[in-house]
Every structure is written in C-alpha cells, then in structure tokens.
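A.B. asks: Summarising the annotation, TrEMBL assigns signal peptide to B:1-17. Taken from TrEMBL, the feature substrate binding site covers B:160, B:181, B:218, B:244. TrEMBL lists B:219 with the feature Na(+) binding site.
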C-alpha cells in the first residue's frame with residue numbers, strides 16, 4: 001500500500017500543478033470564471049442610426065473585452081418592453097442595463113432632465129467636462145440611487161436643431177399658437193412664449209407634419225432628420241438650435257447586477273460606456289456633416305438662425321423655466337446650481353477660445 | 001491492481017473535472033492565462049497635468065479590465081528614454097507602447113503632423129469625427145505601418161491659446177522679427193509673416209521669457225500655462241488661439257507586441273484608448289475653466305483676440321504652408337486632402353450649429 005499511496009500523491013501533485021495557480025510563472029489564476037448574460041433594453045428602434053447604434057457598439061466592446069464572459073443582448077423599443085419603460089425595467093432588475101435619455105424620467109425625478117440637455121445650457125464638450133470633472137456624475141448617481149440604478153453617460157448628439165417649421169418665423173408673434181412637437185424643458189419654454197407643445201413619438205412626426213396636425217417639429221439634427229424624411233413632408237424652414245445644445249444619452253445599470261460582477265467586468269462596463277460616449281458623438285459629427293450637405297445640395301434646404309428677438313425671448317423664458325423648476329424641487333435646485341456654476345465659467349472661456357476660433361477660422365469678423 | 005487502477009482513474013477524473021473546461025455550466029475555460037508586462041514611454045514629465053495623466057489613467061483602466069493580465073508601467077520623459085525618442089523606442093519594441101504627440105515625428109513622416117493639429121484646421125470635435133468616421137484613422141495606421149507601429153488617438157487639449165506676448169500685437173508689423181517659441185506647422189506660418197520661431201522645451205519657457213531670450217511663447221492653454229507660471233514671468237498679453245485648434249495626442253503600440261496579445265487584451269487596449277481620448281479632453285475642459293478664472297480674477301490676465309488683420313495674414317500664410325507641405329510630400333498631400341474635405345463640410349455645419357449656438361447663448365448678435 002505504500003507504493004500505491006506514493007504513486008497516487010505524485011499524480012495528485014502533478015495534476016494540481018497542471019491546473020492550478022500559475023501566477024508565479026507568468027500566468028494568472030485559472031479558477032473557473034463565471035459567465036453572465038445580460039439584457040439591455042433601449043428606447044430606440046433596434047439599430048436606429050446614432051442612438052440605436054451606441055448600445056450595439058457597447059455590447060460588442062464588452063463581449064470582446066470580457067472574452068465572452070459578459071454577453072449582452074440588445075432589445076429595441078418594444079422588443080422586450082416599450083421604450084418609456086426602460087427605467088422601471090432596469091430598476092426592477094428584469095433587465096440588467098438600459099440605454100435611453102434621462103429626461104424621459106422627469107416623472108420619477110425632475111432633476112433627471114438636467115442630464116440630457118437644458119435650453120441655452122452646456123454643449124457636449126462642456127457637459128462632459130462638468131459630468132466627469134465637475135461633480136456632475138456623483139450627483140446623477142445620488143439621484144438614481146433610490147431606484148437601484150447606476151447611470152453613465154451614453155453618447156451625445158451634439159447641438160440639436162430648433163427643427164422644421166411650415167411658416168417662416170420672423171418674430172415672437174409667429175410662435176403664438178404654434179403647434180410644435182417638442183419635449184422636455186424646451187416644451188415648457190415654448191409654452192411661455194405662447195406656443196403649444198405637442199407630445200409625439202418619432203414615428204408620428206412625418207405624417208403629423210404632412211397632415212397639418214402640427215405646424216412644426218424638432219427631432220435631432222440633420223443625420224436623423226434626413227433619415228426620417230422630414231424635409232419631404234412639405235416645404236419647411238429649418239432653424240439652428242437652442243433647446244438641446246448637446247443632448248447626452250444614458251446607460252443605466254441595475255445596481256445589484258453591477259455589484260454582483262467581479263471587479264474586472266465592472267471596469268469593462270465603466271470604460272466601455274466612456275468609449276461609447278465619445279463614439280456616438282464622433283458618428284454624429286461625421287454623419288451630420290454628410291446629411292447637412294445632402295439637405296443643402298440635393299434637397300435645397302437652407303438652415304438659418306432664428307431672428308434675434310425670438311432668441312432673446314426664448315432665452316428669457318428659459319431662465320424663468322429653470323427658476324420655476326428649481327423652486328419646485330430642492331434636488332433640481334441643488335444639481336442645477338452646480339451645473340449652472342460650471343456653465344458660467346466655461347461659457348466665458350469658450351467665448352474666447354472655441355467661439356473666437358470658429359469666427360477667426362472663417363474670417364467673419 | 002484492478003482496484004488500484006480504478007481508484008486512480010476515479011481521482012484522475014474528479015481532478016480534471018475540478019480544474020477543466022466549465023463552459024457548459026455557465027463558466028468559461030479556465031485554461032491558464034498568460035500575463036504580460038508592458039513598458040509605456042511618454043514625452044511628458046511623469047504625472048504632468050493633463051498630458052501626463054492620460055497614460056496613467058490608461059494603465060489603470062487596462063490593468064483593472066484585464067484583471068492584472070496586462071500590467072503597464074508608465075515612464076515619464078527621461079525615465080527610460082528622452083521624450084523625443086518615444087517613436088523609435090516603441091518602433092524597435094524596446095517599449096511596447098508610447099504616449100506622445102505625432103507632430104514630433106515629422107522627420108520620420110511629414111504627414112504625422114496632420115494628426116496633432118493644423119493651423120486654422122479642425123477642432124477636437126471635428127478631428128475626432130474625421131478620425132473615427134471619416135477615414136482618418138485608417139490613413140494614420142497606413143502612415144505608421146512601415147515603422148511597425150499602430151496609432152490610436154490619445155486625448156485632446158481643446159483649442160490651444162496663441163500664447164503669451166511681452167508687447168501688445170496691434171498689427172502684422174508687430175510680428176516682424178518677433179522671437180517666439182512655437183513648434184510644428186505654426187512655426188512655419190510664423191516664419192511666413194516675418195517672425196522667428198524658436199525651439200524650446202516646456203521647462204525652458206519661463207526663464208527664456210523672463211530673461212528676454214524670447215519675446216513670446218505658446219504652450220498649451222490656461223491649465224498648463226498657469227501651472228508653469230507663465231503669467232508671472234513678466235507683464236504679458238495673452239491671445240486666443242489659431243495654430244492648434246484642438247491638439248490631439250497619440251498612443252502608439254508596437255505592432256508585433258499588439259498582435260501577440262489575445263483578442264480580449266487587444267480589445268481592452270482599443271477601448272481604453274477611446275475612453276482616455278475623451279477623458280483627457282473632459283479634464284482640460286474643466287481645468288481650463290478653473291485656470292482661466294484664476295488667471296483673470298487673481299492674476300489680472302486679460303485674454304483677448306488678435307487683431308483681424310493679423311488673423312487674416314496668419315490665415316493666408318497657413319494656407320500657403322499647407323500647399324507647400326502637400327507639394328513636398330505626396331503622402332502629406334493625400335492625407336491632407338481627406339482632412340481638408342472633411343473640414344470644408346463640417347466647418348460649414350458648425351458655423352450654423354456650434355458657433356451660432358455660442359453666439360445665441362450669450363445674446364451677442
């Protein structure tokens with residue numbers, strides 16, 4: 001029996017050496033690694049240009065970086081749940097992650113609107129600066145914590161346009177009684193200057209404009225507007241933007257699901273969201289450029305600024321809306337105070353850097 | 001012996017089951033995984049604000065995401081090699097990765113300059129759009145392939161300032177004979193309008209300005225300029241920028257080292273560079289904002305635009321420099337043609353979107 005035991009122990013040792021911890025010899029632990037399958041619900045049609053591409057890119061990044069240990073299945077609007085149920089679905093854990101726009105959740109937390117866009121607020125560059133180096137992200141996480149959600153920035157569209165108008169806007173009077181599809185804080189501002197904001201989903205815009213059910217609509221910008229064919233619904237006036245100067249999207253992750261992941265997969269999610277946050281914006285920059293050329297050169301669209309007095313009235317109304325929102329909700333007030341303090345500084349700096357550069361590059365003094 | 005063999009085989013089977021492939025039960029292969037230790041050489045002092053923070057952030061991202069399988073040790077300028085030897089060091093494989101600025105390598109490939117910044121060229125938003133969705137990155141990879149290098153965008157400073165001048169610049173005449181520290185294509189432009197570009201490293205700026213060895217210097221922007229104390233060297237005029245409207249940094253990876261990595265670690269490097277590319281820019285946005293306030297409020301610095309006729313002369317000279325560079329090198333010509341075509345479109349779009357928005361936000365018509 002002594003020979004038996006010795007032989008056995010020898011094999012036991014050899015086998016353990018063959019499958020155990022190799023860190024001392026340039027390898028890391030080969031403990032069996034758990035795999036995860038996550039559901040990602042979105043508020044966009046599957047693979048919708050820009051908005052819908054971001055969650056697909058994210059899922060690919062995560063699957064490759066995790067060597068297949070975290071697989072993410074992406075569901076378009078309505079495939080698992082309707083787009084407006086993304087927040088609740090991820091909050092409950094029925095899906096582990098979602099991609100959407102925070103301003104849809106103003107009924108849950110009014111301050112959520114701040115993390116998409118504010119009329120006459122910060123553009124993409126500025127918002128990302130505030131979010132990641134100005135305390136914004138911490139406040140957003142605090143806001144979503146009671147819902148068991150962790151938010152991450154999830155892409156940016158750049159400056160959105162003011163939208164498509166069936167009649168030329170020559171003065172503030174032309175906004176009185178104007179039936180316009182416009183959501184969020186922009187809708188509140190339009191109301192203040194006499195307009196009538198209408199709530200419509202993207203899919204309803206074309207026919208509503210064509211039928212005359214609405215007089216005007218905003219959507220995103222040249223890239224998405226062109227793909228919806230908004231320029232074909234009638235002869236329109238296309239105006240440059242004021243109400244969503246850099247609309248930021250969001251990834252929301254169920255906190256319990258996130259905390260159940262090992263540290264490397266948590267890091268993979270964090271870094272992938274940062275990468276997608278820029279990737280979407282890069283795509284919009286290039287695609288808006290192409291789409292604007294097509295709108296101008298092929299379809300004869302002429303994008304123009306709104307008259308100065310209209311902009312002035314919208315600016316005043318926007319300031320009032322932000323005061324009212326702050327007065328109505330202390331959390332809104334606290335987060336907006338941080339946002340606004342950052343904006344006051346960075347907007348001055350961008351006047352003399354970015355804006356001055358835009359002016360000088362073209363030689364328009 | 002039958003009993004012995006049976007017992008042995010049983011243990012053998014149990015042991016293999018305990019350490020083998022678990023993919024069928026929600027786990028992935030536990031094959032021993034190789035670890036890698038990479039050296040990252042940079043052109044910046046270790047932990048230099050902004051520029052030097054990016055490679056540290058990158059190394060942390062990669063180590064966490066790879067669960068320690070890819071460890072990256074970051075070397076500051078001169079710690080392993082001098083900053084200007086980053087390209088050769090990574091090309092040879094003596095270090096696997098580097099973080100630097102592509103315009104330092106114009107002696108290797110003149111077109112490398114295009115991937116940092118071009119006078120009156122694209123800003124950070126536009127450059128990133130061209131790079132990732134306009135064909136830029138593919139051209140950059142082709143340019144660096146003969147050197148066994150793969151480039152990735154590695155951060156952006158935003159619009160750099162024109163710099164610090166000891167005398168007020170009132171007309172083009174004031175640039176004649178002006179001894180100014182300015183590198184790259186900006187130096188060529190200054191020469192054309194009668195100035196004398198001087199090559200100095202960052203560490204020499206303060207004393208050179210103070211001693212009068214130079215009349216003016218550019219560096220980066222408020223964040224880095226303030227930390228160098230440039231405002232203290234003398235009474236200066238600080239002008240807004242034209243020559244580096246969004247300076248992009250680079251990660252360069254040794255191609256052989258990259259290809260020796262498994263696919264998940266390759267993906268981790270790719271996605272981490274994208275995340276750092278935005279992270280640095282976010283940091284600059286916030287830090288330039290803070291630094292500008294300090295310069296204005298505490299140090300009485302007044303940043304102003306250069307006079308219109310000076311800007312006009314610099315614009316004309318810049319166009320000539322780009323023509324000369326294109327004429328001298330067919331690769332430069334090909335890449336700049338792509339860059340310029342993208343700029344022509346996107347700059348028109350940004351006039352009516354970003355620039356119009358900056359104007360309307362402040363109510364300066």
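The backbone N, Cα and C atoms fix where each Cβ goes, glycine too.
Please go over these features one by one and say how buried each is and what sits next to it.
C.D. replies: Mapped onto three states, the DSSP output places residue B:181 (substrate binding site) in strand.
Neighbour list (residue B:219 (Na(+) binding site), Cβ cut-off 8 Å, at least 6 residues apart, same chain): B:163, B:164, B:202, B:205, B:225, B:228, B:230.
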A.B. asks: Among the binding-site residues B:218, B:244, which residue has the largest number of other Cβ atoms within 10 Å of its own Cβ?
C.D. replies: B:244
A.B. asks: What are the non-local neighbours of residue B:160 (substrate binding site), defined as same-chain residues 6+ apart in sequence with CB under 8 A from its CB?
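C.D. replies: Result: B:117, B:218, B:220, B:221, B:241, B:243, B:244, B:245, B:247.
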A.B. asks: Within 8 Å of the Cβ centre of B:160, B:181, B:218, B:244, which other residues of the chain have their Cβ, at the recorded substrate site?
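C.D. replies: Leaving out the recorded residues gives B:161, B:162, B:163, B:182, B:183, B:186, B:217, B:219, B:220, B:241, B:243.
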A.B. asks: Inside 10 Å of the Cβ of residue B:181 (substrate binding site), count up the other Cβ atoms and send me the figure.
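C.D. replies: By my count, 24.
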